């Protein structure tokens with residue numbers, strides 16, 4: 001009688017669990033206990049993908065090409081004797097598809113700032129596999145630690161405008177696990193807000209008072225000044 005099969009082990013021997021489109025991966029399936037020949041069947045979402053017979057105690061190797069989103073997900077393998085029914089199932093491996101990120105957009109609620117003001121900058125890539133890591137720059141110098149976002153949310157930093165040198169060009173960059181896919185944002189510049197002089201409100205107030213006096217005098221002429229003049233004749 002053949003020795004009882006052990007649960008096979010499914011291992012990734014080439015590639016990665018985070019895959020990109022058109023990538024090849026190789027899986028190994030082996031029951032360490034059992035008497036050959038053994039039939040190994042690979043399943044994806046409980047649907048058969050491929051099957052191999054092994055006449056010795058060497059693993060069955062399955063090479064796959066990730067050609068669409070339907071090729072990712074949970075994989076398992078089954079080991080069984082070729083002369084009997086039943087069998088043992090392996091652990092599962094779960095493949096996820098890694099997509100390239102889009103060019104990030106750098107923005108701020110305000111485009112004008114003045115010295116002594118706090119401002120914010122937001123950086124967001126609307127497409128691409130999570131997590132996404134963001135880094136902010138002013139010129140060529142980094143201005144904050146990198147921020148890794150695990151949700152589709154913008155990375156935000158807070159700045160204090162302390163001098164005119166803080167009105168340079170800001171940028172951010174984004175990358176994820178997709179290889180060679182770092183993207184840089186548009187440049188963003190704060191413009192210097194014109195500061196009102198403290199005398200401006202006083203000048204405006206005096207102008208309004210003078211205008212009201214002129215209007216009042218114009219209204220008084222026909223009702224008071226002209227009748228008084230006629231009465232004195």
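Note: Cβ is positioned from N, Cα and C throughout, glycine not excepted.
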When you get a sec, could you say which of 174-201, 202-229 is annotated transmembrane segment by TrEMBL?
202-229
Per-state residue totals over the domain 'Ig-like' (100-191) - DSSP helix, strand, coil:
4 helix, 44 strand, 44 coil
DSSP on the domain 'Ig-like' (8-94): how many residues come out helix, how many strand, how many coil?
3 helix, 51 strand, 33 coil
